[in-house]
């Protein structure tokens, strides 16, 4: 579309943004299941990451888009099944739905967005509805990974059906994720595992909750871990497959005088999948040091998704805009957003940028632990009790549930 509406430069620039986005995002996909398995098994992340990457690279490079779609079906079934089991068992153990809701309502965890249109407000209405709507618009409308799946269907009617069904499924899974976070808080509201050191990272709270509640039942913890791996591998394989298609059609074929043979094409696609898979695997140690998964996924998407959506919107709605103007606009947008993202990550890493958190308690802990040096037993600790989420489709495989505003965080993911 970019080449027909503008010229080849815009097409190449858009493809470059897509490649950059996936290079930044794929390590997060690999890190999430590794972190979960580390929590439940004790195996180091450094050992889990190569194995996870190898499996995904193997079936993506060999199976192509057909292999990716079929494995997504199986992985999606495992993911949803594991979540349902955790929800049913957790609700019964706590005494029913009313108990879960009462605990979350009593401790002010069911809070709506701030009624402000200030774009800098983290939990404002503007960020929720405007930012969230634009994010999902690009994810389901212009993202190469989803468009590639649309093109596997025979006609536009089937594409529309698939889109509607995927949106329904997405909302269903997100509601399950929200509720799992509510279960975790109802379980740990009287003894925060982050403060006591039972969980080393906020993203490990949900695996800890699963181990605590269903660990005595053979196979259920393994099923949950399989669900997390399914979500992660599904997203990673989709991204790798899309990258191989973009590299072939946008960076190789336009510059060749003779078309590639079928064998050459197959070797090229597999080489691209393997190369980007190895790059993603090597980048995981960086992700480990940058903070929470949800925060990372949102910031990475902001660098490229907004400019790409803007480019498509300008092309369709503003026929008088020329190539040079568009290239200038999306270049400035990407650069400025990247600057904001990098500065924000540095500020978070150094501690100069913090976010207000809801109070938690350790008053009713039934085990011994060492408190941090700066802990004051007469005051309440202000830390985040997260909601671990499992994401499907094109987004991240796992996101967290921030207590400071659970409804917004879960929706935005």
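Every residue gets a Cβ built from N, Cα and C, even glycine.
Database features, via TrEMBL:
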| type | residues | note |
| --- | --- | --- |
| TRANSMEM | 12-36 | transmembrane segment |
| TRANSMEM | 48-69 | transmembrane segment |
| TRANSMEM | 81-101 | transmembrane segment |
| TRANSMEM | 121-142 | transmembrane segment |
| TRANSMEM | 163-186 | transmembrane segment |
| TRANSMEM | 220-246 | transmembrane segment |
| TRANSMEM | 267-287 | transmembrane segment |
| TRANSMEM | 299-321 | transmembrane segment |
| TRANSMEM | 333-355 | transmembrane segment |
| TRANSMEM | 375-396 | transmembrane segment |
| For the transmembrane segment (121-142) and the transmembrane segment (299-321), does the number of C-beta pairs under 8 Å, pairs 6 or more apart in sequence, reach 3 or more? | yes
| query | Residues sitting near the transmembrane segment (12-36): Cβ under 8 Å, six or more positions beyond its termini, same chain? | reply | 2, 45, 48-49, 52-53, 144, 201, 203-204, 206-207, 225, 228-229, 231-233, 235-236, 239-240, 242-243, 246-247, 250-251, 276-277, 279-281, 283-284, 286-288, 293, 296-297, 300-301, 303-305, 307-308, 311, 327, 330-331, 334, 396-398
| request: Report, as numbers and ranges, every residue of the chain located at least six residues beyond the transmembrane segment (299-321) whose Cβ falls under 8 Å of a Cβ in that stretch; write 'none' if there are none. | output: 1-2, 5-6, 10, 14, 17-18, 20-21, 24-25, 28, 134-135, 137-139, 141-143, 329-330, 333-334, 337-338, 340-341, 344-345
| remark: Of the listed stretches 81-101, 163-186, 267-287, the one with the highest count of C-beta pairs below 8 angstroms to the transmembrane segment (48-69) is 267-287
| Which listed range (81-101, 163-186, 220-246, 333-355) shows the maximal number of Cβ pairs under 8 Å with respect to the transmembrane segment (267-287)? | 220-246
| said: Please identify the stretch among 81-101, 220-246, 333-355 with the greatest number of Cβ pairs below 8 Å relative to the transmembrane segment (163-186). | reply: 81-101
| query | In terms of Cβ proximity under 8 Å, which residues at least six beyond the ends of the transmembrane segment (220-246) contact it? | reply | 15, 18-19, 22, 25-26, 29-30, 32-33, 36-37, 40-41, 52, 55-57, 59-61, 64-65, 67-68, 71-72, 74-76, 78-83, 85-86, 89, 144-145, 148-149, 207, 210-211, 214, 268-270, 272-273, 276-277, 280, 390-398
